[in-house]
Amino acid sequence: MFFPKTRLISYGLLASTGAETFVSQPRSSWSVCLGWRRKAGILPSLEDLLFYTIAEGQEKIPAHKFTTALKATGLRTGDPRLKECMEMLKVTVKTTSDGALDRHLFKKCVQSNIVLLTQAFRKKFVIPDFQSFCAHMDELYVKAKNMSGGQVADYIPQLARFSPDLWAVALCTVDGQRHTVGDTKVPFCLQSCVKPLKYAIAVHDHGTEYVHRFIGKEPSGLRFNKLFLNEEDKPHNPMVNAGAIVCTSLIKVMNFMNKLAGNEYVGFSNATFQSERESGDRNFAIGYYLKEKKCFPEGTDMTSILDFYFQLCSIEVTCESASVMAATLANGGFCPITGERVLSPESVRDTLSLMHSCGMYDFSGQFAFHVGLPAKSGVAGGILLVVPNVMGIMCWSPPLDKLGNSVRGIQFCTDLVSLCNFHNYDNLRHFAKKLDPRREGGDQRVKSVINLLFAAYTGDVSALRRFALSSMDMEQRDYDSRTALHVAAAEGHAEVVRFLLEACKVNPVPKDRWGNTPMDEAVHFGHHDVVTILRDYHTQYSPQESTGDDKTNAEKNLDGML
Ligand code: DON
């Protein structure tokens with residue numbers, strides 16, 4: 001009978017010395033590295049480590065294997081930050097007979113972008129297990145795709161052209177990890193999704209105080225194009241048409257859009273612009289009302305501003321390029337795929353605040369309640385969603401509900417937050433755990449097991465109480481199938497044993513890899529008090545008389561011991 005009392009400590013130390021990078025690698029690859037390190041007497045370079053990680057013991061890496069492995073991390077070969085690497089790869093592969101790279105050629109290709117590549121392959125991005133996260137996104141996409149209902153907007157004739165079946169989701173993380181599903185290459189107009197972007201630019205250019213001399217910060221509670229001002233005769237906020245038209249008078253050029261999108265697709269639909277202008281009586285009425293109430297800066301030409309407003313609504317994006325815009329907001333104003341600072345932190349903070357409170361019009365309160373993230377909808381069917389410090393998402397499907405928001409987009413956002421702990425208030429302590437994709441599955445599990453079993457090992461009941469309160473699985477096991485109850489019984493921590501049994505109702509007779517139960521541990525290490533607790537609990541909760549032949553080793557030993 002093997003009693004592995006000390007194994008956990010060695011495992012825990014390994015995991016806690018930052019060596020988990022190796023632990024998480026296939027043993028074959030990191031033992032090769034360690035062996036290589038010993039032989040050469042020097043630390044392997046990052047390029048060498050990367051080569052061994054991808055080569056998996058082979059002498060060469062086929063170029064397609066490298067690019068496939070790269071995409072699995074979420075990075076694209078078209079990512080501007082990998083330009084040098086991809087160009088060198090293209091040239092280098094041509095010099096080989098088999099399209100495969102040995103260690104020397106591989107180093108030549110990756111060395112110019114080695115820091116980003118190392119982060120990617122060491123799973124140090126915000127979504128470490130990107131592939132499984134994307135699988136979840138695809139499931140949510142399919143669920144929303146099956147939804148019917150809603151109407152494609154037609155008050156701007158050009159919008160009515162789009163099929164109600166179009167549905168796309170694209171995401172970009174703050175580390176530039178990309179995922180798309182559905183009609184993500186189809187261009188569509190931002191419409192009101194442009195409002196937070198132009199507000200951000202106005203605050204970036206002029207500062208919060210100046211911009212809000214002209215525009216309020218309160219939800220209007222009215223439809224987006226209501227001819228209505230607040231008690232100061234200002235537009236309620238920059239997310240309704242009145243506020244957006246005034247905001248348009250505060251900005252000059254729009255090259256920001258390209259920077260926000262990381263130079264990905266940003267176009268212009270002249271047909272929509274003309275259609276907007278021809279069907280824009282309501283907006284002209286708003287414009288003249290704003291002019292009458294002196295809402296614009298001195299000297300503003302209202303009709304030119306309206307033209308500019310219509311042009312901005314007619315800016316074309318794809319879901320992909322718009323997701324980068326959203327990610328720039330999620331990333332504090334830095335574009336994740338270019339690294340360029342586009343917006344000031346102040347402008348991003350202000351924009352996300354008003355998206356959160358006013359971005360979804362008359363649905364803003366419910367969206368803040370159920371989804372709890374900054375978002376902005378548009379009449380073309382877009383929803384720009386920001387998960388601060390994590391990612392930006394653009395959902396797009398033309399059919400709108402009666403409040404003017406995309407039916408499928410709302411469903412997707414709601415399901416996303418039901419699955420992942422992205423809601424603004426999901427981070428409360430002791431909150432029921434949802435999927436946290438920012439933690440690698442294995443990584444989170446490993447740390448959780450180590451924390452649990454170390455608390456049992458040290459007899460730390462208060463820590464165990466905290467874990468139980470945060471709905472941790474108190475029966476989880478390490479790789480030897482050892483549970484907290486095994487460890488506590490082996491160490492003789494009677495109070496911990498009692499807590500696990502009576503408060504957490506854990507299984508009293510789990511077996512580890514060697515067939516040991518907690519009772520075996522207590523008997524072997526001579527902890528009589530724990531033996532009594534386990535025995536009494538067992539008798540109380542499984543009172544049927546044992547026939548003797550189903551007794552565990554401990555119970556047989558026990559007969560001799562008591
Ligand atoms: O000014 C308008 O009415 C449109 N160009 C934009 C309105 C819009 O997108 C409302 N969103 N739900």
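Keep in mind that glycine also has a Cβ here, set from the backbone N, Cα and C atoms.
Remember, TrEMBL labels are computer predictions, not curated facts.
As annotated by TrEMBL, domain 'Glutaminase EF-hand' applies to 47-128. What TrEMBL records for 480-502 is repeat 'ANK'. Residues or ranges marked as region 'Disordered' by TrEMBL: 541-562. What TrEMBL records for 548-562 is compositional bias 'Basic and acidic residues'.
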**OP:** Grab the pLDDT values for the repeat 'ANK' (480-502) and give me their mean, rounded.
**Re:** 95
Subject >> DSSP-assigned states of the repeat 'ANK' (480-502) in counts, ordered helix, strand, coil >> reply: 17 helix, 0 strand, 6 coil
**OP:** Could you put numbers on the helix, strand and coil content of the domain 'Glutaminase EF-hand' (47-128), residue by residue per DSSP?
**Re:** 53 helix, 4 strand, 25 coil
